[in-house]
Amino acid sequence: RQFNIYSTLAPCHFIEMTWKQLSPAAERLRYILGEDDDMPTPTLFTEMDTLQHDGDEMEWKESARWVKFEEKVEEGGERWSKPHVSTLTLHSLFELRTCIQTGSVLLDLEGYSLPQIVDDIVDRQVADGLIGPELREKVSFVLLRKHRHQHKKPIHLSLADMGKSNNSPTSESSGLHHSTEDLRMKNKFMKKIPRDAEASNVLIGEVDFLDKPFVAFVRLAQATTLGGLTEVPVPTRFLFVLLGPHGKGKSYNEIGRAIATLMVDDLFSDVAYKARDRDDLIAGIDEFLDEVIVLPPGEWDPKIRIEPPKKVPSADMRKSVLNLNELGQVNGTGTAGGPGGGEDEEMPIPHELGEELQFTGRFCGGLWLDIKRKVPWILSDFSQGFHIQSISAVLFIYLGCITNAITFGGLLGDATDNYQGVMESFLGTALAGTVFCLLGGQPLIILSSTGPILIFEKLLYEFCKSNTIDYMELRLWIGLHSCLQCLILVATDASYIIKYITRFTEEGFSSLISFIFISDAIKKMVGSFKYYPINRVFKPDYVTTYRCECIAPDQAAAMAFNVSVPLADDNMTDLYNITGLDWSQLSKKECVKYGGALLGNACKYVPDLALISFILFFGTYSMTVSLKKFKTSRYFPTKCRSLVGDFSIIISILVFCGIDYLLGLDTPKLLHKYVCVFAVPALLVTILIFMDQQISAVIVNRKENKLKKGCGYHLDLFWVGILMAVCSFLGLPWYVAATVISIAHIDSLKMESESSAPGEQPQFLGVREQRLTGILVFVLTGVSIFLAPVLQYIPMPVLYGVFLYMGVASLAGIQVHLCFWERIKLYLMPAKHQPDFSFLRHVPLRRVHLFTLVQIICLAVLWTLKSTVAAIIFPVMILGLMVVRKMMDLMFSQHDLAWLDDILPEKEKKKEKDGKKKKDHKRTKAAEPESDEEPKSPLPPPVKIPMDTIDLPSAPDPSVTPPTQPPV
């Protein structure tokens, strides 16, 4: 019976492997791959051609190809299959092993043309006695037949294929007429292959003049372009040839697929490049067999093609297993991520924030290190901003900033009786944001008004109003004291305490800010229903009875109502004798202006502005989400989808602004425009600023974002403190890092690999780190004050939709790394339907629910406090999240917290780590054999698998001693 295996997953070691030593294959590979070599191994493109017979004519026909995943030519012959994970029969791998063991292996062959290489292969076979001299010409004739590649396309092309070039090399001469660069530009498939790639060709065929298989594995000394041997103009480095007698074509095909799959395997390709003899290649196959997983027949359908995973495990993990740390491990221990290996996953890596938060013990030591860290990047901070992606990022974040400025400016105006409002919000945002992005330590952070700051401003104004204190003067002194306290925190490296901010605190704070964005957007939208209620009493059948007239006042009132209407900006007036007016022709505004009375049941009619506002609001949000998802859909070419996804927010705003303009409704539009005592409230502001700024900075600087230019926690806090003082003097709002907009800024600047194998997800490369986008955003925000004639066409419901999207997208973005929301959803799922999260494999479900419940209670307390009179202690309560997290050490074990959160950086953690090292050392020492006696294996005896499916000759080379056949 044949077992199908699914490669690149968790390891399944040979049963004969003992507990106390590495396998011989691992020992050999550890030596081969351990050699220092600065040259990286090129990516391999593998093509498999099968020999086709048409009477007496023969040709090689392309049947499959691999860049990373397998693509087959479908039976119809007109299209390629979807890329899929190769599923191989276990027997084919053992047969391949025997082929390499008994066939010809030519390493570092000097080859310049296909005929010369074929002659060398045949000569070696004849010299080794594998074929007779009389077969030399027949084998050479077959191997030099023409190659026909899968390049034809169906007559009816899809829209996504329109405009694609059909210039694939189809013959030996095609490579002579077009340069590789020209073909790369014209051939869509070539863009999926890295520029430094090399090819491995697999030739499989049945012939009638052989009575036993003809097998050869060739590695050329230098990659060489061999005419039309390969579908794409990539130089060939490896050749594998398998010819055999008729009747076993299916078996030959499976062997060909097996070697092709191995050649694109990251670890085996390294072995193939560095192998010194056939034993090294066999060791590579044995290592591959160590890593495969067997899927029993009858429990899955072999015809099903397995979709490529979204994230492929790195080969570095497999290489690390070849080190001594594999001692004592068997059947997959010490690995993670594969099916069946969940119980043996490694403990999550502890929460580390890098050297930026090391306590220096010197005055302004951390600030000085931040400056030294950022100075070398000054030029690239501006040059890297010149990219088309920056345009989309600037427009997206600009709209988010002005939406934030208008929304929070309006709320601040309501809270402070317009001491501060939209205009101050625009000016302050432009000033603070530009200075911070120009001089700050992390220019990807966006400064803005935030919910916690708004709450404090509201409470401060109410306190001043009730105690007859000058609000602006008190606010000035609080701002100056807060600036001084921030500078003291910078000078003493107080940002060091951020190390104690774990995912527990990040999740609570970030979720709170996201909920504030979402709730404010919904509140603003619901508020429009109060001003523009839906006309529920309107009856279409009685439309003939609806009327509204302007009635003139009586004569006495008219004589008394001779009015003087001012003209323009001078003091000239016009006197109207209202008795001469045609009241029936006046508009509603003119009627009220001249003292008339409105009479009729249609006078209070208002169009359904609330309904259309809701359509604009929800439509903007929905369209933005849909266009963002369109980037990962299967429709249209990649560039088109990427362009639509990057400009999704702009497209949505333009579409719904156009709808609003065409309807012509009057929807709401964008613009209508005691010194020592102060240290105590300033301390609350400082705590709020510190927590808000640094938690946002920690989220932005997470290692998952792959930032390369380092952080600047101390430098960021320094400029936030300085800007506090400046904004206090100018009567502008206070600004701090905005978590939601900063995450959106990061998301809009993410870079992905342009060249990816078919079926492989584009790899996240990092973020375009620069200062230009932030500076342009805030300059445009400042200029927006003069753009009122243009901005007045943007309906406020559209911007509320943007606000809602930013809150929801931020919440979703946070959950990529922080699983608070996922754990909440577990409350509503039966155990059998719960996702296979790693923490569920290691922590009991009741403990997971308890941990989540504590977080929900903390979030509810924070939300309640910010909405009540007790909100004055809101900053202290955010700091209290760290205290709650410390207390949770008494409720949960360090093991559970390691999976659900981060372990606090304490001495106990170090002791635990030291204890674990001692335990591992004892285990390794115990694994060493104490005598020469072979230890008895607790496992059952090995079972041999017969190898008689195809007839293969024994190795005639006396200089090579074949290793024993591996048991299963």
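Numbering starts at 1 and runs along the chain as it is shown here.
Backbone N, Cα and C define each Cβ position, glycine as well.
Keep in mind that TrEMBL annotations are predicted by a computer and have not been checked by a curator.
What TrEMBL records for 164-177 is compositional bias 'Polar residues'.
Per TrEMBL, transmembrane segment is recorded for 391-413 (among others).
Remote same-chain partners of the transmembrane segment (425-456), defined as residues 6 or more beyond its termini with a Cβ less than 8 Å from a stretch Cβ, comprise 370, 373-374, 381, 397, 401-402, 404-406, 408-409, 411-412, 415, 512-513, 516-517, 520, 684-685, 688, 692, 696-697, 700-701, 707, 711-716, 719-720, 723, 726-727, 730, 732-739, 741-742, 745-746, 749, 767, 769-771, 774-775, 777-779, 781-782, 784-785, 866, 871-872, 874-875, 878. The transmembrane segment annotation in TrEMBL covers 425-456 (among others).
The transmembrane segment annotation in TrEMBL covers 476-498 (among others). Here the transmembrane segment (476-498) has Cβ contacts under 8 Å with residues 353, 357-361, 363-367, 460, 674-675, 678-679, 681-683, 685-686, 689-690, 694, 697-698, 713-714, 717-718, 720-722, 724-725, 727-729, 734 of the same chain, all six or more residues outside its ends.
Taken from TrEMBL, the feature transmembrane segment applies to 605-623 (among others). Packing against the transmembrane segment (605-623) from elsewhere in the chain are residues 521, 525, 528-529, 531-535, 538, 546, 548, 648, 651-653, 655-656, 659-660, 663, 665-668, 795-798, 800-802, 804-805, 808: each is 6 or more residues past its ends and has a CB under 8 Å from a CB in it.
Sequence annotations record features per position, and here TrEMBL assigns transmembrane segment to 643-663 (among others).
According to TrEMBL, the transmembrane segment annotation covers 675-697 (among others).
Sequence-distant contacts of the transmembrane segment (717-744), counting only residues of its own chain at least 6 positions beyond either end whose CB sits under 8 Å from a CB of the stretch, comprise 367, 396-397, 400-401, 404, 408-409, 412, 419-420, 424-425, 427-429, 431-433, 435-436, 439-440, 444-450, 453, 457, 472, 475-476, 478-480, 482-487, 489-490, 495, 509-510, 513-514, 517, 685, 688-690, 692-697, 699-700, 806-807, 809-810, 813-814. Under the heading transmembrane segment, TrEMBL lists 717-744 (among others).
Feature annotation from TrEMBL assigns transmembrane segment to 772-794 (among others).
The transmembrane segment annotation in TrEMBL covers 800-824 (among others).
The compositional bias 'Basic and acidic residues' annotation in TrEMBL covers 908-917.
According to TrEMBL, the feature compositional bias 'Pro residues' maps to 955-968.
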Give residue numbers and ranges for long-range contacts of the transmembrane segment (391-413): same chain, 6 or more residues beyond its ends, CB-CB under 8 A. 420-426, 429, 433, 446, 448-450, 454, 457-458, 520-521, 524, 646-647, 649-650, 653, 670-671, 733, 738, 741, 744-745, 748-749, 773-774, 776-778, 780-781, 784, 791, 796, 799-800, 802-803, 806
